[in-house]
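Trainee: Take a look at this one; I'll ask things after.
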Amino acid sequence: AGPQLDVSCFAHDKNIGSRTEQLSVVHVASAQDCMKECQALPTCSHFTYNKNSKKCHLKAGAPEFYTYTGDMTGPRSCEHNCSDACWMDGNNPLAVWDYSGQPPALCWAACMGTPGCDLYTFQGMTCKLYSQTSSKRA
């Protein structure tokens with residue numbers, strides 16, 4: 001077994017699921033294994049893992065959160081935890097999401113799962129998605 005993946009950037013005990021369309025469902029032993037499955041699929045932006053059923057739901061698209069007992073929703077990777085005005089605001093974002101209480105890495109997952117999204121900002125609780133033509137790098 002290789003090094004353990006970092007799964008510290010999202011809540012494991014808040015019962016947060018994602019309604020986003022799923023690519024597939026697999027049975028795995030842990031959130032780390034679920035993240036590994038997501039990373040193996042090029043179009044997987046995030047996943048929902050249920051610690052009770054051990055089901056790993058692999059998702060493509062921006063996370064759409066809801067409450068479900070035992071669920072935890074995490075990004076493809078915890079490496080993308082940029083926050084605090086990583087990108088300057090453009091005039092017309094592709095999408096604006098209220099991600100109250102969610103980690104910046106799930107805003108990155110929303111960008112990855114949104115066609116045309118190249119950049120994102122995560123300020124306060126707001127995740128904004130941009131194409132390269134709608135914003136400039138800070």
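Note that the numbers count up from 1, one per residue, in the order the chain is shown.
Note that Cβ sites are derived from N, Cα and C of the backbone, with glycine treated the same way.
According to Swiss-Prot:
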type     : residues           : note
BINDING  : S18, K59, Y66, D71 : carbohydrate binding site
DISULFID : C9-C78             : disulfide bond
DISULFID : C34-C56            : disulfide bond
DISULFID : C38-C44            : disulfide bond
DISULFID : C82-C86            : disulfide bond
DISULFID : C107-C127          : disulfide bond
DISULFID : C111-C117          : disulfide bond
DOMAIN   : 9-78               : domain 'PAN 1'
DOMAIN   : 82-138             : domain 'PAN 2'
Trainee: Nearest to C117 (disulfide bond) in three-dimensional space, by Cα, is which of the binding-site residues S18, K59, Y66, D71?
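Mentor: Considering only the listed binding-site residues, the nearest one is K59.
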Trainee: Which binding-site residues from the set S18, K59, Y66, D71 come within 10 angstroms of C38 (disulfide bond), judged by C-alpha positions?
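Mentor: Of everything listed, what lies within 10 Å of C38 (disulfide bond) (Cα to Cα) is K59.
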Trainee: When you measure from the Cβ of C107 (disulfide bond), how many other Cβ atoms are you left with inside 10 Å?
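Mentor: Here the count is 28.
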Trainee: Helix, strand or coil by DSSP: which one applies to C9 (disulfide bond)?
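Mentor: The three-state answer is coil.
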Trainee: Provide the number of Cβ atoms within 10 Å of the Cβ of C56 (disulfide bond), excluding the reference atom itself.
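Mentor: That number is 24.
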